[in-house]
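Structure, as structure tokens:
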Amino acid sequence: MATETAGAVVESSSAATVPSPAPEAGSKHKLERKWTFWFDNQSKPKQGAAWGTSLREVYTFDTVEEFWCLYDQVFKPSKLPGNADFHLFKTGIEPKWEDPECAKGGKWTVTSNRKANLDNMWLETMMALIGEQFDDAEDICGVVASVRQRQDKLSLWTKTAANEAAQMGIGRKWKEIIDVTDKIIYNFHDDSRTRSSKSRYSV
């Protein structure tokens, strides 16, 4: 069952718990690039553990059919415990500030108080990413769904924070995709490292 599979991933944070998508008859629909799901469970941190030690690479896919199988079985934020994250990033990019592709980047963030709404925005964003719907798709690293006790959030990570034109275009397109009317903000990863809450751009 999908719920059992999701539970197994949440409990063990191991790629070994995710079954390979079953082969389907006929030709598969290849994506423009490979994408990788990651899972980070911070709900039970080990004492003295460094940030990022609970981050696990879970599954890499490159077809539409694999994506839907994985999403249906496992990757819905509403199934996560508090203080856990799902990530979908381009293969080869780790969802860390330290990754060379992310180091000079930043993120657009939207918050949600409803799990169903978070699930919907997460799905719409993932479909837009794997479907290459952004004009500046090469500047996008991936998306993170974060479940927290007070308020959940979705963050779209990009590569070149200093490129205001690219980030504004991505932000406007993302708002359209997830059907959000409230203002969303963009933060540089450099500011987050220094614990600065300053937002650089907004749409």
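Glycine is treated like the rest: Cβ placed from N, Cα and C.
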- Item | Swiss-Prot annotation, disulfide partner among Cys69, Cys102 for Cys141 | Cys102
- Task: Work out the three-state DSSP category of Cys102 (disulfide bond).
- Result: coil
